[in-house]
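Student: Copied straight from Swiss-Prot:
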- Asn141: N-linked glycosylation site (CARBOHYD)
- Asn151: N-linked glycosylation site (CARBOHYD)
- Asn352: N-linked glycosylation site (CARBOHYD)
- 166-185: region 'Disordered' (REGION)
- 25-45: transmembrane segment (TRANSMEM)
- 82-102: transmembrane segment (TRANSMEM)
- 111-131: transmembrane segment (TRANSMEM)
- 203-223: transmembrane segment (TRANSMEM)
- 238-258: transmembrane segment (TRANSMEM)
- 298-318: transmembrane segment (TRANSMEM)
- 321-341: transmembrane segment (TRANSMEM)
- 369-389: transmembrane segment (TRANSMEM)
- 390-410: transmembrane segment (TRANSMEM)
Amino acid sequence: MVFQGLSPTFVGSLSDTIGRRPVYIFCFVTYIAANVGLALSNSFIALLLLRCLQSTGSSSTVNLAYGVTADVVTSAERGRYIGLASVGPIIGPSLGPVLGGVITQYLGWRYIFVILAAAALIFLFLLIIFFPETCRNLVGNGSIPPKSLWNRSLVSLFKKGSKLEDHASGRNLPNAGSKKSNPRNTNPLKALNVLFEYPTSPVIIFNGLSYAIYYAITSSLSYSFHDNYYFDDIHVGLSYIPIGVGTIIAALGNGFVVDWNYRRLANKAGIDIDQGRHMDYETGKRLGFSIEKARLQIAVPAVVVACISMLGYAWTMSLRLPPIIPLLCLFVFGWGGTAAYSCMNVLIVDINYSSAASATAANNLVRCLLGAGGAAVIMPLINVLGMGWTFTAIAGLWVLLSPLVLFLLFRREEVYDEISDSE
């Protein structure tokens with residue numbers, strides 16, 4: 001999990017400089033090589049090191065996906081597409097243990113890595129053939145052909161040369177070639193700098209806390225149902241389904257609600273949707289349109305729902321009420337927590353539109369560190385305070401830190417102007 005948090009920090013800023021496509025290729029090659037090594041490994045040390053390498057290759061692709069989404073999707077539609085991009089990372093940890101157990105039982109554990117390597121190889125093959133470069137620093141809105149062969153798909157290389165030459169000459173494209181993809185210009189600490197920038201930093205901190213709470217619940221869930229209801233291993237596994245279903249529903253459906261609220265506020269402000277579709281954070285400020293308000297109006301109620309359902313889960317579990325009640329609370333928490341988390345992901349991309357991969361890498365770093373911390377401390381807290389009071393304290397912390405994002409909602413203009421004046 002440490003490498004899952006650290007590697008995207010460097011890969012994100014690199015993709016903002018040299019493009020998404022070459023970094024994607026590097027990540028897939030790294031991931032495939034690690035899986036092949038894991039399948040052939042015979043020592044624990046080798047397994048440990050190769051798992052770190054595997055995490056380095058796989059975790060960075062999540063941030064690249066958010067970067068590609070920011071490249072090709074406008075702010076008016078960003079909610080639904082970022083939601084779709086998050087489905088894979090959400091479903092993976094839920095289905096992975098189940099599928100891994102089946103593969104191990106019938107084929108052996110080595111075949112897990114063989115299948116992963118084969119699947120990644122197929123994706124790499126399709127990526128090399130079809131996936132175009134999307135980084136706007138290099139290709140603008142897609143009309144500027146990239147100069148490097150690494151940034152061109154095989155399909156584009158076989159197109160007629162006349163069209164490519166016309167575009168490459170820069171005619172009718174005043175911003176053609178405005179950015180050069182020089183790896184030496186990459187700042188590996190760019191993602192870390194984002195952590196100290198307003199208004200990104202409070203959003204990332206709040207998002208990391210939301211993820212840590214989610215991780216604390218899921219990591220303690222097996223113990224809770226086994227200790228309070230004496231569930232066996234099969235029933236403990238089934239108890240993850242409600243929170244997983246709620247999470248998936250939020251990931252798939254919440255983006256449409258976020259986009260609807262964006263259009264509603266744009267129309268209310270008298271901004272034509274064709275203009276509003278391309279607004280970034282600063283453009284919205286000049287037009288009197290608050291992009292963060294469009295996102296937070298959905299996120300804040302979702303946090304309230306998540307807090308209430310978390311309290312319901314903890315106290316009904318402590319009182320040992322029928323298990324259907326805490327399971328229903330888990331379903332609601334899965335929806336509320338994921339809805340809030342996805343809204344904040346969209347807002348992070350909105351604020352850092354030109355460097356989305358670096359910003360999401362910073363978000364990933366905080367998310368993984370706080371998530372690991374949440375998973376580490378939750379069981380000692382439950383042993384000392386009990387289920388009910390532990391999650392009551394966590395809900396209270398979540399509510400106390402909510403002003404971090406409400407501060408953005410109500411005092412955004414004043415603080416932003418103060419920062420601009422000081423600069």
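Think of each number as a place in line: the chain as shown, counted from 1.
Glycine too: its Cβ is placed from the backbone N, Cα and C atoms.
Give me the lay of the land around each of these features.
Tutor: Residue environment of Asn141 (N-linked glycosylation site) contains 12 other Cβ atoms, counted within 10 Å of its Cβ in all protein chains. The secondary structure of Asn141 (N-linked glycosylation site), as reduced to three states from DSSP, is coil rather than helix or strand.
Cβ neighbour count for Asn151 (N-linked glycosylation site): 21 (other Cβ atoms within 10 Å of its Cβ, all protein chains included).
Packing around Asn352 (N-linked glycosylation site) is summarised by its Cβ count: 23 other Cβ atoms lie within 10 angstroms of its Cβ, all protein chains included. In the three-state DSSP assignment, the secondary structure recorded for Asn352 (N-linked glycosylation site) is coil.
Counting residues 6+ beyond its ends, the transmembrane segment (82-102) has Cβ neighbours under 8 Å at 62, 65-66, 69, 73, 109, 112, 237, 240, 244, 247-248, 250-256, 258, 338, 342, 345-346, 349 in the same chain.
Residues 21, 24-25, 28-29, 31-32, 35-36, 38-39, 100, 103-104, 153-155 of the same chain lie 6 or more positions beyond the ends of the transmembrane segment (111-131) yet place their CB under 8 Å from a CB of it.
Sequence-distant neighbours of the transmembrane segment (203-223) (same chain, 6+ residues past either end, Cβ-Cβ under 8 Å): 194-195, 236, 239-240, 243, 303, 306, 310, 313, 330, 333, 337-338, 340-341, 344-345, 347-348, 351, 362-363, 366-367, 369-375, 377-379, 382, 391, 394, 397-398, 401-402, 404-405, 408.
Same-chain residues lying 6 or more positions outside the transmembrane segment (298-318) and placing a CB less than 8 Å from one of its CB atoms are 210, 213, 217, 224, 228, 250, 254, 257-258, 261, 325-326, 329-330, 332-333, 335-337, 339-340, 343-344, 347, 386-388, 390-392, 394-395, 398-399, 402, 405-406, 409.
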Student: Cα-Cα separation of Asn141 (N-linked glycosylation site) and Asn352 (N-linked glycosylation site), in Å?
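Tutor: The separation of the Cα atoms works out to 17 Å.
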Student: Please give the sequence-distant neighbours of the transmembrane segment (25-45): residues at least 6 beyond its ends with Cβ less than 8 Å from one of its Cβ atoms.
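Tutor: Same-chain residues near the transmembrane segment (25-45) but 6 or more away: 11, 51, 53-54, 56-58, 60-61, 64, 110-111, 113-114, 116-117, 120-121, 123-124, 127-128, 150.
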